[in-house]
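Chemist: I'd like to ask some things about the structure below.
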Amino acid sequence: MMCLECASAAAGGAEEEEADAERRRRRRGAQPGAGGSACCGARGVGGAGVVSADEEVQTLSGSVRRVPSGLPSIPSTPGCAAAAKGPSAPQPKPASLGRGRGAAAAILSLGNVLNYLDRYTVAGVLLDIQQHFGVKDRGAGLLQSVFICSFMVAAPIFGYLGDRFNRKVILSCGIFFWSAVTFSSSFIPQQYFWLLVLSRGLVGIGEASYSTIAPTIIGDLFTKNTRTLMLSVFYFAIPLGSGLGYITGSSVKQAAGDWHWALRVSPVLGMITGTLILILVPATKRGHADQLGGQLKARTSWLRDMKALIRNRSYVFSSLATSAVSFATGALGMWIPLYLHRAQVVQKTAETCNSPPCGAKDSLIFGAITCFTGFLGVVTGAGATRWCRLRTQRADPLVCAVGMLGSAIFICLIFVAAKTSIVGAYICIFVGETLLFSNWAITADILMYVVIPTRRATAVALQSFTSHLLGDAGSPYLIGFISDLIRQSTKDSPLWEFLSLGYALMLCPFVVVLGGMFFLATALFFLSDRAKAEQQVNQLVMPPASVKV
């Protein structure tokens, strides 16, 4: 059967050449190769039946083996050469992917850092924005909520495009777009707060392209523990970029004496990163790391993809758990620096800011803690998952559940400690964020396990939409709204500014506990859904010999 396949693939009269070569070999007393196949030019020599690898010459059209004198050289196609080497011979990876995978992952991670740096630069100068535009907590929370709303609406669109068109071009265009909008927003006059809100919405559209598509490229470059490691690096960019956003916003504001300059740093870096993605990130094939040498069949329709994802219980529960994480991180990231500033005003260790520029110490400290806990959390989560995989195949969702439930305890303690000790509050923030950030990369790895390659961009997009819709799209505004609502029924004082925001933020740990429950539900269905995905991948793969060129 192998001879028939190879003969049909060879060009011009391969069957006749095969018959002539066989007759000549029999006259010389030669035996067929050790692979048991007498085709494809894989001829035994002197009865040994082995041809060394250095006797094969690669050409643009295929490969040709050098044959000792007296034996004719028979050209072979790449598929035939692979068959001659035997079933145990590894398939060579494309050179473009083999050399540039690490660099591509690093550039994509850098782009993710910039996305979150830009997103949380606004939070780093939030008090200045409130004083400059004259808005209360509700208006300040609207900036983040509008950003997330546009982000989640655009995410499914980019997920559809990412499964069907050139992904790195979409990434670069998204970065160029949000960089231009962010830079322009730094020139908005004081009386046009609505323009700043609109600009944040447009930035959300640009950043949606990146967060939706970039993880799927990494998923197509690596597999198994290596993919977990690379996704850990990529998702470490979330807390790192968030922390750098606070630090950049407050530091640039202090250096320039004007908070507007904080919005002019990330656009320059974004333009550079977008260019690097266009030049250095390889155009990987979807499912390259999973298809084991075959080629994926034609992809399914968008409607069929959506139906399959909705029926995937591990995907649904992990998406709901991710929504709880987004709710907490969105609310805490937006309001904790301001909450700690108000705590110090109550403790009379700081003064109320009535005009910008305001103090930046809390944003700097919180940013530094976020950067370090992000690194520690991602590394701890990935390491704990690898260790637990040796003991249970449900390690991924179980580690996430433990991290979420432990984080909820320390988030509660933040509001208890802040009343008397800012240092104690920072310690609780450190532990709580470390546990909360431990599930970023693991959640992405769960998605890669239970979703087939041709649906991953759509799956990431739908998960982003769901997590933002139920999470940080409304949590910053909701916390600000509750805070203002409580203050309306009390006297206007620094104490009630502090207490009202703290009471509103107490909603976060309860949502985090709910997320931990969703991860436990994911663990119930993880193994069966992963097995289904592996079976579907095998059905989608066409063996190389059957692929028409």
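Glycine residues also receive a Cβ, built from the backbone N, Cα and C atoms like all the rest.
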Chemist: Of the residue ranges 109-129, 298-318, 466-486, which one carries the transmembrane segment annotation in Swiss-Prot?
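Modeler: In Swiss-Prot, the transmembrane segment feature sits at 466-486.
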Chemist: Any chance the transmembrane segment (261-281) and the transmembrane segment (169-189) are in contact, meaning at least three CB pairs closer than 8 A with a sequence separation of 6+?
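Modeler: When sequence-distant Cβ pairs are counted, the transmembrane segment (169-189) touches the transmembrane segment (261-281), since at least 3 lie under 8 Å.
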Chemist: With pairs restricted to those 6 or more apart in sequence, evaluate whether the transmembrane segment (466-486) and the transmembrane segment (141-161) have 3+ C-beta pairs under 8 Å.
Modeler: yes
Chemist: What same-chain residues lie close to the transmembrane segment (141-161): Cβ under 8 Å, and 6 or more beyond its ends?
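Modeler: Contacts of the transmembrane segment (141-161) (Cβ under 8 Å, skipping residues fewer than 6 from its ends): 119, 122-123, 129, 170, 174, 196-198, 200-205, 207-209, 211-213, 302, 330, 334-335, 457-462, 464-465, 468-469, 471-474, 476-481.
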Chemist: Using a Cβ-Cβ cut-off of under 8 Å, list the residues of the same chain that are 6+ residues beyond the ends of the transmembrane segment (229-249) and lie near it.
Modeler: 105-106, 108-110, 112-125, 214-215, 218-219, 221-222, 259, 262, 265-266, 329, 333, 337, 363-364, 366-375, 377-379, 381-382, 433, 437, 440-441, 444-445, 448
Chemist: Which sequence-distant residues neighbour the transmembrane segment (364-384)? Criterion: at least 6 residues beyond either end, Cβ under 8 Å.
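Modeler: Non-local partners: 124, 228-229, 232-233, 235-236, 238-240, 242-247, 250-251, 333, 336-337, 340, 399-400, 403, 426, 429-430, 433-442.
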